[in-house]
Structure formats: C-alpha cells, structure tokens
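Presented below is the structure to which this report refers.
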Amino acid sequence: MKVFKACLLIMKRHKGQILIYLIIFMGIFVVISAFMSTKITPDFSETKPEFTVINRDKETAFTEGLRGFLSNHGTEVILDDKKDVLQDAMFYHATEYILIIPEGFDASLATETPISLEMAAVPGTGDSYYLDNLVNQYWSFINTYQKTGSQMDDEVLVSKALESLSLETSVETMRFSTGQPMDDAYYAYNRVQSYILLVLILLCVSSVTLSFKRPELQMRNLCAPTTVRAKNFGQFLYCGVVSLFVWLLLSVMGIILSAGRLAGTDWRLIGLMLLNSFLFSVTSLAISMLVSHFIKNPNTQNAFANFLGLALSFLGGAFVPLEFLSQSIQAFSRFTPVYWYSKAVTGIYSLTSLDRASLRPIWQAFGIELAFAAAILCVSLALGKYKSRAENSFGSIRTELDS
Amino acid sequence: MFINIFGKRIRAALRNWSTLIWTWIFPIMMATLFYFAFSALDEADLLTVIPIGIVDNQEYGEDTAFRSALGSLSADGDDKLFEATIYPSAEDAGKALENQDIDGYITLENAAPNLTVSGSGLNQTIIKSFLDQYSQTKHAITSILAENPGAVSEISELFNRESFTKEISLTQNPPSQTINYFYALLAMVCMYGAFQGHESVSYLQANLSPLGARRTLSPAKRLPMVVYDLLASFVVHVLCLMMLVAYIVLVLGVDFGSNLWMVILTCGLGSLLGIAFGALISAVTKFKENIKVALIITITMICSYGAGLMVSGINYTIARTLPVLSWLNPAARIADSFYCLYYYDNLSKYFLNLGILAAMTFTMFTITAFFLRRQRYESI
C-alpha cells in the first residue's frame with residue numbers, strides 16, 4: 001500500500017489543475033443547461049419558431065389579425081426596421097422568418113394586382129416553410145372572404161377568417177415508456193461528460209506515471225525492498241480508484257445539477273446512463289495508461305490531454321450530435337470509443353420501451369466500449385513491458401560508459 | 001542593436017515549444033475539428049420529407065378531398081412534403097410510430113382528421129399544420145356557402161394555394177451557423193498573442209527573470225529595447241495567425257468575404273491587442289509565472305466564450321442584453337470584425353470595431369509603459 005499512498009500524495013499535489021478543469025466544466029454546463037431549460041410536457045406541444053413582422057405600411061385590422069394569427073403558432077421577436085439589425089437577427093437565428101409589409105400594401109389590396117409581401121429567411125429551412133405557409137393561409141382566407149362577403153367591414157371579415165383559422169386538429173400523444181422523457185440538459189451533460197472524464201482521468205493517471213518514470217526515482221524504487229508486482233499493483237489500484245472517484249464525482253454532480261428536472265424520469269434510464277459513463281471511464285483509464293507511455297514532461301501533459309480529449313470528443317459526437325456529422329466522418333468515428341459512448345447516450349435518451357429488442361443497440365454499444373478498453377489495455381501492457389526492458393527504461397540516463 | 005535584439009527574440013520565440021503548441025498547433029487542430037464536426041450543421045435545419053402514416057379505414061377510403069390534398073403533398077417532385085404509408089389498422093401504425101419509422105399517423109374519424117404522435121417537434125407541428133389547414137378550409141367553405149351559395153367559383157381560390165409572399169435576400173452571403181466558430185477561434189488566437197507579450201516583458205523586467213536582470217544592466221537604451229522586443233513578438237504572432245488564416249481559407253475553404261487585406265489588417269490589430277494584453281498582465285501583476293499564464297488563459301477563454309467560441313450566437317445575445325460588455329470584449333470585437341467583412345455590405349461597423357481595438361491596444365500599451373519605465377529594485 002506504500003506505492004498506492006505515494007500515488008495519492010502525488011495526486012494531492014496536482015489537485016489544483018484538476019479543480020480548474022472541474023470548475024470550468026461545471027460553469028460551462030450551468031450556462032448550457034440554462035439555455036436548454038425547456039419545460040417538459042408529456043403531451044404534444046406545437047413548435048413555435050421565431051418570426052418578425054416589419055410593417056412599413058399602416059396598421060390595419062388585417063395586419064393586426066395576421067400578427068395575432070402568427071403569434072398563436074410562433075414566437076414574435078420585435079426588431080427595429082434597420083437593415084443591420086435584421087441581418088444580425090437572421091444570422092444568429094434570433095428570428096427564423098422576417099415578414100415585411102411594404103408601403104402601400106393595404107391600398108393595393110383593392111386593386112387587381114396587389115403588392116406582394118416580402119419575406120426573408122434562411123432558404124429551405126423547416127421553420128421558414130412552416131411560417132410562410134401560415135402567412136399564405138391567412139391571406140388566402142382574407143382574400144376569399146373579401147371576394148365572397150360583400151359589404152363586410154374589415155374587422156368582421158378578419159374575425160370570420162380567424163374563426164375558420166382557429167380550428168385545430170386533435171392530437172393524441174402515444175407514450176411508449178412509463179416515465180416522462182429525459183431532461184435535455186441531463187442528456188447534454190452526459191454527452192459532453194465523455195470529454196471531461198477522459199481529460200481528468202488522463203491527467204490523474206499521467207501525473208503519477210510521470211513522477212514514477214523519473215530515472216532517479218525509478219532506480220531508487222528498484223532498490224527498494226518492494227517487489228515489482230507490489231509496485232505495479234499499487235499503481236493499478238490507484239488508477240482504478242481515481243477513475244472510480246472521477247466517475248462518481250461527475251455522475252453525482254450531473255444528477256445534482258439536473259436534480260429538479262429528473263424527478264419524473266424512469267430511474268432505469270438514469271441507471272443505464274450511469275452504467276454507460278462508468279464503462280467509458282474504464283475505457284478512459286485504458287486510454288490514459290496507454291498515452292502515459294508517451295508523455296515525457298508536464299508541459300506536454302495538458303497538451304496531450306486536451307488534444308486527445310477534444311479530437312475524440314468532436315469526432316465521436318460528444319459536442320455535436322452524431323447526426324450532424326457527415327457520413328464519411330461518422331464512418332471514421334466508428335473506430336473511436338467516444339462514438340459508441342455517444343451512440344449509447346443518444347440511444348438511452350430516445351428509448352421508448354425497455355424490451356430486449358429496444359435495448360439491444362445499447363448493450364451492443366456497451367460491449368464495444370468494453371472491447372475498446374480491453375484492446376487498448378492489452379496494447380498498453382505490451383508497450384509497458386517493452387519499455388520496462390533495461391535498454392529502454394533509462395533512455396535518458398547517460399553514464400561514462402556511453403561516451 | 002535592432003538586428004541583435006529582434007533576431008534573438010524571434011529565435012527565442014520559435015524555440016519555446018510550449019507557446020508554439022498552444023498558438024500554432026492547437027488552433028490548427030481546433031479548426032480541423034470544427035470543420036469536420038460542423039460540416040453538416042447548416043443542413044440540420046433544412047426541411048426534409050416527413051414520413052407519415054395513414055390508417056386505411058372506411059372514412060379515408062370515402063374522403064376523396066382529403067386523399068387529393070394529401071396526394072398533392074406526397075407526390076414525387078420538388079414540392080414533396082410527406083412520405084405517406086398506408087397502414088391497415090391503428091395498431092400497425094402505432095407499431096411504426098414506436099419504431100420511429102414515421103413521425104405521426106393520421107386517422108379519419110367522425111369526418112375530421114386526428115393525429116397521433118409520440119413527441120413534439122417541427123415535423124409533428126408541420127403535419128398538424130397540414131391537417132389544421134384541411135379542416136379550416138373545409139369549415140370556411142361550409143361557412144361561405146351557407147351565407148353566399150353563389151360563391152362557388154371564388155372559394156376555389158382557397159384550394160389554389162397562391163403565394164402572397166416573395167422572397168428577398170438581406171445580404172449577398174447566406175447566414176451560416178458554422179462560420180462564427182472559426183471567427184471566434186481566430187479571435188482566441190489573436191488574444192493568445194498575450195503569451196508573446198508576457199514573455200517579452202518577462203525577458204525585460206529585472207524582477208521577473210535572470211535574463212531581465214542582465215538586460216536591465218546592459219548599456220542599451222530602454223525604449224528601443226522594449227520596442228524591438230515587442231516588434232519581434234508581434235512578427236512571430238502575426239506569422240502564426242497568417243498560417244492559421246491560410247489554412248482556414250485555403251485548406252478548409254471557410255469564407256471570409258472578398259477583402260482578404262482587411263482580414264490581414266484585423267489579424268494584425270488583433271495580434272497587437274493580444275501582445276499588449278499579455279504585456280499588461282506581466283508588467284502590472286506581481287504573481288508567479290504560472291499564475292500569470294493561468295490568468296491570461298482564463299481571461300482569454302472568458303472573452304472567447306463571449307465571442308461565441310463554445311456556443312454560437314452567445315455573442316449576439318450578449319450584444320442585445322449587455323451591449324457595454326460586448327463592446328468591451330476584445331475577442332468579440334475581433335470576431336465581429338470578421339463577421340462584418342463576411343456579412344455586411346458597408347464597412348462602417350467594421351471600422352468602428354477596429355477603432356475600439358486600436359483604442360484598447362493603445363490604452364494597454366500606455367499602462368504597460370508606465371509600469372516599465374524608471375523601475376528601481378531594492379532587492380530582486
């Protein structure tokens with residue numbers, strides 16, 4: 001246990017950088033979850049995309065009716081009628097659809113060739129199609145009522161059109177799982193967790209191996225009345241314990257940060273999420289043990305951790321959902337463990353039932369994660385064996401015999 | 001003296017592997033990852049054909065108007081909206097919904113369509129919208145004909161789906177969800193010039209490094225020494241940025257607009273700001289070396305976050321809600337300058353951004369100069 005205690009002591013001296021990573025990660029997660037704090041309702045609710053109406057003509061019963069109708073199906077974003085304001089809002093998706101009522105539009109309605117309304121949107125998006133369809137539906141009704149209802153006031157005409165437009169189809173929501181859907185923020189936390197798990201475990205493991213690799217320390221340890229087996233056991237035990245601790249810490253933090261929103265969620269889904277992150281922490285441990293062989297000094301330690309963590313996480317779909325990655329990248333990322341972790345997270349999130357068929361892809365992803373861990377661990381042990389051979393282990397030592 | 005100081009500082013900067021990794025290799029890796037990870041992000045919002053199910057009951061067989069309306073939107077062609085599958089019973093359609101083969105299924109009951117879904121989303125909303133329109137049109141026809149039985153020809157317009165809108169474009173270049181990540185990354189690298197500025201000041205101040213102590217004793221004038229040193233830092237960092245811009249533009253094909261000279265000007269001013277920021281942190285604070293580096297990284301990351309490096313659009317939200325904070329964030333100003341070059345037709349806001357960056361740089365250099373001049377040490 002002396003080696004194990006020494007490992008813990010080394011870790012204690014590096015707790016500062018681990019804390020910095022934890023605090024930054026938690027800070028970013030809190031901000032992200034604040035953006036994702038959508039209210040979960042078990043029943044169907046309409047998606048209400050953002051729209052803006054810029055009226056360069058006068059306010060009439062028609063335009064008021066249009067605003068009211070669109071507001072029932074979307075979220076109005078009020079913007080100034082300035083080109084750069086509209087451009088910015090469109091670029092940053094503050095609004096998905098801008099409808100401009102041009103000057104003289106109302107007067108032109110009575111003529112044979114009314115002026116067209118102008119619309120700006122990101123071409124081809126579902127939101128713009130939906131909102132444009134609503135605008136056309138509204139004016140189509142107004143137009144028809146105008147032509148058929150002679151001597152009708154504009155207000156009466158609009159109220160008649162809106163009465164027809166207020167009819168809604170009944171929607172039944174079919175639930176295939178017992179609990180309510182999993183909270184979006186907890187799902188996002190679990191996806192991004194792969195990055196921080198890998199970085200933290202890599203830093204914890206490499207900090208210790210880096211210290212033990214120092215030639216003078218290595219020579220002293222070889223002289224010590226401890227067997228190599230006991231030394232290796234102590235280090236392995238430390239690696240296992242620290243990985244378990246990191247996993248436990250992040251899991252508890254995730255549950256605490258999402259506590260209020262997980263109340264109705266099926267606990268078996270949360271259990272599967274925890275099992276998935278646990279398996280990934282085993283894979284991360286194997287990766288860390290392999291990578292530690294290549295880390296030569298503390299300066300490259302952070303670079304290694306971040307380069308590897310970010311590359312695997314980006315390619316594996318931790319930051320950007322897998323469906324947004326191109327087909328070629330997805331094909332490549334199948335060879336990374338984060339891909340299978342993310343696939344399992346998404347699979348658990350969208351589980352509708354817990355029968356054998358639905359769970360099969362989840363178990364498959366778990367198995368592949370474990371297979372990655374076993375394969376990487378084998379390579380790491382083989383490399384360790386090779387590196388521990390006398391001619392490799394003290395490569396940086398120079399004696400008078402070398403010259 | 002210029003060649004001596006300038007050349008040695010450049011050599012020292014190029015031999016500092018730690019800084020080179022974070023300012024040269026790390027941004028190139030990040031840009032590559034952004035490129036691969038965000039390659040299909042803009043396509044995610046595009047409307048795709050929605051898979052729906054229809055329960056084949058007696059009412060569906062008899063309602064020719066509904067079948068015709070549905071058929072017009074499910075026929076092959078550019079306007080195809082639905083991929084409709086007929087199911088013999090609600091159970092079969094329910095099974096398809098459970099397997100996520102369809103986004104929802106329609107059942108005609110009591111002369112009205114009903115929709116069954118398993119969750120909420122835009123696809124489900126569009127299906128509902130189609131059914132709403134069908135019921136609304138039916139209601140309007142009944143209502144109009146009840147009041148005005150002779151208006152049969154006018155009501156045909158309800159089925160015509162005439163478009164009352166015409167699409168206009170607000171800019172020459174289309175909005176993109178990915179491009180701002182690259183701009184924010186460049187802003188971060190500009191601010192990483194702080195490492196060079198910090199190194200320069202450390203090598204100049206007697207209380208910060210043994211080299212600084214030796215140089216303070218040297219018979220060279222202080223001002224030229226500082227200027228040549230910082231100039232070399234600037235050259236190394238601009239070189240790094242040019243390499244990154246060349247990689248992003250030529251290899252990854254990210255659009256920076258048509259004016260590449262303005263992009264280079266922005267990178268130059270951004271680098272100068274980064275160097276001034278690092279020099280300021282190094283000269284003003286009395287912390288240990290690693291604390292100063294941690295401070296530089298933390299401030300840079302916070303500023304980069306505000307510029308949209310981690311969450312695209314956060315810069316816009318901050319600019320709308322806390323405009324002062326946005327104007328004072330140098331990374332946001334740098335990223336916004338690139339955005340102006342790409343997206344705006346006129347460059348007034350771009351030059352306003354450059355003006356703010358220049359003012360920030362000047363202020364930071366002035367404060368640094370105040371701390372660097374006429375220093376005396378009782379003990380080092």
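Placed from the backbone N, Cα and C atoms, the Cβ positions cover glycine too.
Over in TrEMBL, the protein carries these features:
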TRANSMEM  A:18-36  transmembrane segment
DOMAIN    A:18-381  domain 'ABC-2 type transporter transmembrane'
TRANSMEM  A:192-212  transmembrane segment
TRANSMEM  A:233-257  transmembrane segment
TRANSMEM  A:269-291  transmembrane segment
TRANSMEM  A:303-322  transmembrane segment
TRANSMEM  A:362-383  transmembrane segment
Checklist entry - Taking residues 6+ outside the transmembrane segment (A:233-257), which of them lie with a CB under 8 Å of any CB in it? => result 1-4, 6-8, 11, 22, 26, 29-30, 33, 185-186, 189-190, 193, 196-197, 200-201, 204-205, 208-209, 212, 270, 274, 277-278, 281-282, 284-285, 288-289
Checklist outcome for this item: Within the same chain, the residues 6 or more beyond the ends of the transmembrane segment (A:269-291) and with Cβ under 8 Å of it are 177, 179, 182, 186, 190, 193-194, 197-198, 201-202, 204-206, 209, 239-240, 243-244, 246-247, 250-251, 255, 262, 304, 308, 337-338, 341, 344-345, 348-349, 351, 362, 365-366, 369-370, 372-374, 376-377, 379-380, 383-384
Checklist entry - Same-chain Cβ contacts of the transmembrane segment (A:192-212) under 8 Å, 6 or more residues past its ends? => result 7, 10-11, 14, 17-18, 21-22, 25, 29, 32, 218, 221, 235, 238-239, 242-243, 246-247, 250, 254, 277, 280-281, 284-285, 287-289, 291-293, 295, 297-298, 301-302, 304-306, 308-310, 312-313, 316, 318-319, 338, 341-342
